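Going by Swiss-Prot, these are the annotated features:
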- 1-24: signal peptide (SIGNAL)
- 25-233: region 'Interaction with GRB2, ERI3 and SYN1' (REGION)
- 28-110: region 'Disordered' (REGION)
- 54-95: region '5 X 8 AA tandem repeats of P-H-G-G-G-W-G-Q' (REGION)
- 54-62: repeat '1' (REPEAT)
- 71-78: repeat '3' (REPEAT)
- 72, 73, 74: Cu(2+) 2 binding site (BINDING)
- 80, 81, 82: Cu(2+) 3 binding site (BINDING)
- 87-95: repeat '5' (REPEAT)
- 88, 90, 91: Cu(2+) 4 binding site (BINDING)
- 182-217: disulfide bond (DISULFID)
């Protein structure tokens with residue numbers, strides 16, 4: 001009981017200190033942003049005057065109001081008013097926007113294969129009665145007790161699955177039941193899917209595959225069990241009255 005009170009007081013002090021630091025707001029520094037003293041380039045109104053001679057319609061060396069070396073009002077090296085490398089109008093360099101976009105990095109392209117793989121991992125597989133597909137694993141290194149099977153596995157491991165099908169661990173009373181069910185559904189699905197592609201498995205393949213999948217299912221059970229207990233511990237922690245009171249007080253301080 002004493003330890004519980006001590007832990008509650010420590011948590012209260014920690015949250016109070018954290019909230020005090022989080023509520024401190026930085027005051028903006030006086031002055032403007034970068035280069036507020038005026039531009040050093042032509043035609044931009046520097047208070048101290050430009051360092052270049054006054055120009056009529058265009059920039060330095062421009063007869064017709066364009067950028068440097070432009071006869072007809074475009075960007076640098078543009079004959080017809082477009083971005084650099086664009087002969088007939090447009091935006092900034094290599095794109096249809098303004099010149100302010102020249103230095104913007106291009107947006108990374110989304111790899112749809114990675115998105116699909118991330119969505120499939122841990123998701124419920126349709127048509128399999130609530131089974132989920134685990135994340136990809138490295139195939140385990142297994143010794144089968146004889147040189148022939150060891151060599152056969154090394155040469156053919158790419159033909160065996162690197163993901164397993166499983167149900168949530170809370171549906172099983174122990175690890176053995178989870179692993180047994182996981183092995184059966186994974187081997188069945190892999191053999192059926194691969195057979196439809198014209199590839200057949202021998203008895204040696206099935207024997208080795210069952211051993212490999214068994215090790216992967218054990219690993220999957222350990223991962224799921226650890227995550228399950230962590231979720232349970234988090235629920236117990238945040239459902240206790242002292243923690244609820246402290247969280248409510250913290251929200252009040254932030255919102256207020």
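Cβ coordinates come from backbone N, Cα and C, glycine included.
A mean pLDDT of 44 is what the model gives for the repeat '5' (87-95). Within the same chain, residues at least 6 positions away in sequence whose Cβ sits under 8 Å from that of residue 182 (disulfide bond) are 164, 165, 166, 213, 217, 220, 221.
Its own atom aside, the Cβ of residue 217 (disulfide bond) has 24 Cβ atoms within 10 angstroms in the protein chains shown.
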